[in-house]
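A.B. asks: I'd like to ask you about the structure that follows.
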Amino acid sequence: MIKHYPDNASNSFLKLRNSLISATGKAIGDYNMIEDGDTILVCMSGGKDSYTMLMMLLALQERAPVNFKLIAMNLDQKQPGFPAHILPAYLEQLGVDHRIVEADTYSIVKEKIPEGKTTCSLCSRLRRGIIYRTAQELGANKIALGHHRDDIVETLFLNMFFGAKMKAMPPKLATNKGEFHVIRPLAYCAEKDIASYARGMDFPIIPCDLCGSQENLQRQKVKDMLQAWEREQPGRVNNIFRAICNVEPSHLADTDLYDFKHMSQSKAEDEDPLFGDIDKESNPALSLVSSEGFRIEFKRNIA
């Protein structure tokens, strides 16, 4: 029997846990992330996000109206000092089916990337190939990653600032060859809530030391900027995420998304914001109620 929370859990902790389960279930329902018969490879780094994702999926597995299989996976990249025993011991104690994959990507990254440069890009590409191969070997058709709402917003700004693109992390993505769907069940979950939950669960966290000082990374700078905005005006990060879910192509400038050249004068368009007020009463994307069975049944089961 899987132990979902500590024996001495407070009411506030249980409320937080239920909130995270609800947000995870809602994201899964909104994007149809999980279907009957799925085998899901749950990627575990040993950080707070992947631990939380696994626990949310295990909780939902017990009450979901569909049957799906979970296989936890950790990639041991042979970093010096990496505590290789921690995740296997935890997953065995939890009673979760798992696979530990050993691959010395650390040496490759150190050989290819000059000292002091960011290793994330190459490391990510190497990890991705190994994850896809492992999913194929295990017969998984879905790959679950632990990215949360704040990761998605940070990625939007990273791509705008450094790539001149309005591009974030989709909650669900088909791989290039169409073999797998990559899903992000924590897409609706705030990082601060995940951090609080992880502290309450006392997960055996494994820090990421491969990249060196995280403060020097572009992502950390964007994270600091967003945290400053959030302190100045609470709720701003969530509003940005809601905007990602509520795009109006006719009010942007991408000719691939909207046919500006052949736009008919007789066609009714939304009011130009230059001449009208900002729509403060627009329906937030996260309040949309799906008629899909997963979320309807999920809500019924936790009531």
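Each position is counted from 1, following the chain as shown.
Using N, Cα and C of the backbone, Cβ positions are placed for all residues, glycine too.
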A.B. asks: Ranges 45-50, 279-284: which does Swiss-Prot label motif 'PP-loop motif'?
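C.D. replies: Per Swiss-Prot, the stretch marked motif 'PP-loop motif' is 45-50.
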A.B. asks: For the motif 'PP-loop motif' (45-50), what are the same-chain contacts with Cβ under 8 Å, counting residues 6+ beyond its ends?
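C.D. replies: Long-range Cβ neighbours of the motif 'PP-loop motif' (45-50): 74, 86-87, 146-148, 151, 186, 191, 194-195, 198, 203-208.
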A.B. asks: By a simple count, how many Cβ atoms lie within 10 Å of the Cβ of Cys123 ([4Fe-4S] cluster binding site), its own Cβ left out?
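C.D. replies: Other Cβ atoms within 10 Å of Cys123 ([4Fe-4S] cluster binding site): 19.
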